[in-house]
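Presented below is the structure to which this report refers.
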Amino acid sequence: MSRAVRLPVPCPVQLGTLRNDSLEAQLHEYVKQGNYVKVKKILKKGIYVDAVNSLGQTALFVAALLGLRKFVDVLVDYGSDPNHRCFDGSTPVHAAAFSGNQWILSKLLDAGGDLRLHDERGQNPKTWALTAGKERSTQIVEFMQRCASHMQAIIQGFSYDLLKKIDSPQRLVYSPSWCGGLVQGNPNGSPNRLLKAGVISAQNIYSFGFGKAMPWFQFYLTGATQMAYLGSLPVIGEKEVIQADDEPTFSFFSGPYMVMTNLVWNGSRVTVKELNLPTHPHCSRLRLADLLIAEQEHSSKLRHPYLLQLMAVCLSQDLEKTRLVYERITIGTLFSVLHERRSQFPVLHMEVIVHLLLQISDALRYLHFQGFIHRSLSSYAVHIISPGEARLTNLEYMLESEDRGVQRDLTRVPLPTQLYNWAAPEVILQKAATVKSDIYSFSMIMQEILTDDIPWKGLDGSVVKKAVVSGNYLEADVRLPKPYYDIVKSGIHVKQKDRTMNLQDIRYILKNDLKDFTGAQRTQPTESPRVQRYGLHPDVNVYLGLTSEHPRETPDMEIIELKEMGSQPHSPRVHSLFTEGTLDPQAPDPCLMARETQNQDAPCPAPFMAEEASSPSTGQPSLCSFEINEIYSGCLILEDDIEEPPGAASSLEADGPNQVDELKSMEEELDKMEREACCFGSEDESSSKAETEYSFDDWDWQNGSLSSLSLPESTREAKSNLNNMSTTEEYLISKCVLDLKIMQTIMHENDDRLRNIEQILDEVEMKQKEQEERMSLWATSREFTNAYKLPLAVGPPSLNYIPPVLQLSGGQKPDTSGNYPTLPRFPRMLPTLCDPGKQNTDEQFQCTQGAKDSLETSRIQNTSSQGRPRESTAQAKATQFNSALFTLSSHRQGPSASPSCHWDSTRMSVEPVSSEIYNAESRNKDDGKVHLKWKMEVKEMAKKAATGQLTVPPWHPQSSLTLESEAENEPDALLQPPIRSPENTDWQRVIEYHRENDEPRGNGKFDKTGNNDCDSDQHGRQPRLGSFTSIRHPSPRQKEQPEHSEAFQASSDTLVAVEKSYSHQSMQSTCSPESSEDITDEFLTPDGEYFYSSTAQENLALETSSPIEEDFEGIQGAFAQPQVSGEEKFQMRKILGKNAEILPRSQFQPVRSTEDEQEETSKESPKELKEKDISLTDIQDLSSISYEPDSSFKEASCKTPKINHAPTSVSTPLSPGSVSSAASQYKDCLESITFQVKTEFASCWNSQEFIQTLSDDFISVRERAKKLDSLLTSSETPPSRLTGLKRLSSFIGAGSPSLVKACDSSPPHATQRRSLPKVEAFSQHHIDELPPPSQELLDDIELLKQQQGSSTVLHENTASDGGGTANDQRHLEEQETDSKKEDSSMLLSKETEDLGEDTERAHSTLDEDLERWLQPPEESVELQDLPKGSERETNIKDQKVGEEKRKREDSITPERRKSEGVLGTSEEDELKSCFWKRLGWSESSRIIVLDQSDLSD
């Protein structure tokens, strides 16, 4: 009677289907329908009860899942397997647990069902039960717990009466009775029928879900339906297996997941196998525990001498962990012996190898007869329990053949990939495995044990599987001897049908081979078919001797036996023999030939020589071990033969008379061979490795001759003398051969090690060379970073010098913009002014070579600022010109030029005095002759410059701009007296601090630069702004901040112009923020006198008040923009607020950043560019370099030949204003400077410590200024002195900051020319505070002064003694001032004419040259566009204001021209003489000083 069966919900699995009309399909369908009658009818027809559907599910699984108890009973009675694995690894026990029916589960457990099994997700039956819901799972889980408790009680040793009372899981089932109570179930009847106590089932096999247990033997049917007895397999607890006290712990792996450990059980030494799971296993890995259960079931049924015997099963207390107790294994797996612990077993005798192979084949044949397929046969599965004794195990993956050819897999766990190296292709591809699959694996083991190589060269299993899938398969190793080669070649065919050789055939071949070896030891070679069979075989491993029957367990015993035989593996004698064998193994010792042909009791080692030597050629050094064994086994056999047969004794008696002679002759030949080998080895030792490749075919077995090497005739004669050797002589020879083989093996190993060491040393040497190259380039690049370690240039280099071009060092990192590939063009564009031997050799930093244009210029400016305002002014202007040229040329590559190059080039003028201080020591070491030569060259160049005859170098398209800079700076590259002030000393430390901070950036920056002027001393490097002129903004890193006087006020407006344009471009620049942090910006020093001229103030009020206000608004807007890399945020409103009414825009000369200049240049047409460059060449512009848009130029008429515009700013001295205005403006300027520096510092670095330092420095500067103020007042300095001192303040050294304030506080009435002697006096006042300069340097300066004394005397006379008396000059200045006040309006035209006459000569000789030098190359790179409207408008206004200023100046300084007419060139010579005395010059150089200008016409 059928009924519809509903599938439990939620069901963990789906039910499969069968779509055919077979009885098996009908069985499944009737089970699903619940038709018990039809199911029983079909079962009576004798169908296969465990037929599976599409998901691998049996009818029992379906019945248990649906909770059909009657179906389960009948299916179990017909032999259905309760532990059958579906494709997902689940069993009918899982299905019964999910159904929640205790009776179904108890029936399955009673039939042998196991509660420990897991599906592929690692879930056991208890987990399935819990997924069925709380209502159904509660009782079934409690039932499982009762079964586990009962099993634990049995294991713990409870009496047998317990099994009598509860002999079946069904007795543990409880169901609700009609009375509401619990009654005990009956396994043989309905649950309601009670069973009498003490009734025991006749089955007598107890299974409670943890394996079958039985109290006595009983019959059972194997898979082949054969009657058999069940063996007793004890179930023990964990505490019964312990570690032995008299032996160390020994464990080894027995496959990928199993580990074997030697322990003791009840006094018996056993080996326990357990699962080696990771510490935190994945859930699916729990299914690996089923492998031990499967092996336990297989091992409990199988008994064979060569199968590892299972002695007991050890269950943990919670029954979750299973361990199998096997017989003791003393050595380990074959895999560990061959590959992991080969050093412990260096010699594997061939006889042992053959015995092991025979044992494995026998065990495998037994499994096949029993209907099992091992499937996982490998060297892991072969366990060597003792020397020469192997056991086959690892049966967990074994398949059992059942009825109708069905194979039963107890685990459904796929074969591990680690075993794919030995597995047959069909096993790897998870196809049906047969006995041919085991033959394939056996062949792999045979090849592995004979070659010491893991199959597939030890590739990973996943790679092997990919190779098999792609159609790649293994072939037999050609190194195998012939019988074994045939076996392997036949056994590893891809297709199973091609594996024609079965295990019985293989066993027969191995047996015969063993017999042949044994018989060959006691018969003549002509009688031995083995020798004849192998002699013609071309393979190198033909002759495999068999060892004795007593292989040693440990290498120590083998070493002892070697010693007993007299072997000395490390002696020179053996080494010499081995060397010869290595050099030409085809030419073995003739005694080996004799031993082969004369006596077969000792195997011939000649083939072994060839076979051993072939090992390196094939790249398989692992052959050495078993090849050594062959020689070694021959020695052992000789020992046995010496003691054994009477035939041997008779041969000794017969050969007695000739034995001693033959032995002596043999020893002599051996000595000869050793000597020859020594000589030959010493000559050709280097080529021994290459000569180890040879072929066994080179040996001529017919005549014994050598095809590759002809031995001496005596050696050939020795062959005939040794034909009648006795066994004693054979023993001695075999001993030598053994030593030879051992040493040959050692030498091969040493050669490999030496080769590896040589490779490593070569790699290390290459790395060291590369590192040294990097370090050399790095050190070269750091030469200018540590500039103080290098001497100053001893003279100007030649004009046509081009620095070398070097490649970038590997250790130097390019900047973030990645523009270094454009740097190789720099050396041609930037000629250096330093000595050729001192230039930078690293291409990465050659972008800063042009910075040396400003190096010498700024150095001379710093010196001139120590008391020569006039010269310093001119030099500052020249520096502006050169700096503009340099910055332009250094950025010719375009707006994306290397930021690090911009960084390095623009900081060249950072270091004012420190570079000279650093190099004082090296300068003192210079040769006096070099100084003299330099002096003469400078003198000659100065003459040319003074007379306007300076030659023009030829035009170079790529270096035209820098050539002008070079020519402009040649007069400046002179030695300077080391006059320093305390502030200069501090500045030296500041530069060192910068250098220390900059070096780790990886850019070898050039910090060896000169100072432009006083402000360069006062201010370090200003971030972001990069032009070279005369004024810098305060650096946050600086330690002192002397006041500027009006110089900073002038620079403030200039700063705005530059900052405004640059801040816009900085947002578009490709430079990284880090690359522009130390870029400096210098500004023109404006006319100080105009600030203090009442007429200038009036002019300012009339003409520029409104534009300045507009500009100030623009300035504030520009400075409100965020700056990259921590640019200074200047509060210009406060800085310029107090002086807005007296600061004309025309007083500021904006020297914009390099990018601005390049952009302007690239944007304009060539014609406009030429006009602009021509305008820049004006001599007037040399005093105030400007590079501005065309709109800023104004047409003007002047006497300079090629100028068509008025300069935008002229820093010529004008008549000073009142004392009060000067003093007040100075104080305002001082406050502005202080505020600016503090604001700038806080915005950039926010370092309270440095801000405090700056404040302290300013306080000290103010105090010093006040002291000098009083000093000036007490010395009755005329008011006219102020103007000159104001001019001085822009260029005076850092050592005289307070002098500026002192000068400001005096009345401004005298001209600049009159103020020089007093300025020198005050400058000397501070110079005296410094420590004395180097005596050697002073001597050099004094020598230069003496050599040019006549010129100096002449200048001193005309200039009233250069130093001049302060009183005379003061008197003249007073007269001049009075004259100016009276005749300012009358002498305007006269002064204009005089000024034109003074400058006419200079213009006439220099204009063309300067114009031509300023012509930029046509290939200048386009730059980014920047807004120029506001700047041009500002410059136009500056020109207007400048014109008015010059008019006022000319009107109030009439006496200046008068004094010039009276004194002639005395004033100018006075300045020059003082300047020359400082520098050691005897004649003037080209220092252009324009005090006034007539360009305003």
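The backbone N, Cα and C atoms fix where each Cβ goes, glycine too.
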Among 515-521, 585-591, 795-801, 1026-1032, indicate the range for which Swiss-Prot gives the feature motif 'GPPX3Y'. 795-801
Tell me which range among 852-860, 951-959, 1329-1337 Swiss-Prot lists as motif 'D-box'. 852-860
What does DSSP assign G237 (ATP binding site), in three states? strand
Summed over the repeat 'ANK 1' (27-54), the DSSP helix, strand and coil counts are 16 helix, 0 strand, 12 coil
Tell me, if you would, which residue among L233, V235, V241 (binding-site residues) has the fewest other CB atoms within 10 Å in the structure shown? V235
On a simple 10 Å Cβ count over all chains shown, which one of the binding-site residues G237, K239 is most densely packed? G237
Site diameter for ATP, Å, by largest Cα distance between L233, P234, V235, I236, G237, E238, K239, E240, V241, K273: 17
